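Comments concern the structure below.
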């Protein structure tokens, strides 16, 4: 296995960065900042980042097979047109619950976009705190970002055995995905919310986007929404 390298490729200062998705066509990383109500797209070639502000907390974003993106915004499924920065509501749930919102969302292999309002929280190990966003590699193993644990871990989903641990210089790691050329890079989102002034001084890159190389395993491309 080659030497693992961790670098902060974008100091975005996300309050709560989430839902990283690699877009191979544009060599870009999509992600959201939930409480800031933003969908962001970072171009890995130009190193520039574009942002689209929504009208409610945005908890996930995904590719759309017909073009553009889809996102969960508040309790709405929305289609995003990045070129003119517009959003069209595809569906709304829980209209009567004004303060409710989606927690997360992801497209399955059949091209269906799933999202949940609530999810159960399971503790993996005491020091790793809360398991959060995850992705899968070509060997069928899970990579899980551990919120308040400052790490991503690789698990065998059949046995539950931990196979690898990668520590990051920030505590509130939220999610991860594979991307880059041949999906050999891992991108990790994290949060700043919840850190006091001392914590922010100790973790100046909190809220940034991290890239991990040298893991020795590749990921699979994200599934696009077919609707």
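Cβ coordinates come from backbone N, Cα and C, glycine included.
In TrEMBL, annotation is done automatically, which means it is predicted and not curated.
TrEMBL lists 16-115 (among others) with the feature domain 'SMP-30/Gluconolactonase/LRE-like region'.
Per TrEMBL, divalent metal cation binding site is recorded for 18, 132. The Cβ of residue 18 (divalent metal cation binding site) lies under 8 Å from the Cβ of 31, 32, 33, 34, 59, 60, 104, 133, 174, 175, 189, each on the same chain and at least six residues away in sequence.
Listed in sequence order, the residues of the same chain lying 6 or more apart from residue 101 (substrate binding site) and placing their CB within less than 8 Å of its CB are 56, 57, 59, 74, 75, 117. According to TrEMBL, the substrate binding site annotation covers 101, 103.
Residues or ranges marked as domain 'SMP-30/Gluconolactonase/LRE-like region' in TrEMBL: 116-191 (among others).
Positions annotated as active site, proton donor/acceptor by TrEMBL: 132.
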Residue 132 (divalent metal cation binding site) and residue 103 (substrate binding site), distance between Cα atoms, whole Å: 11
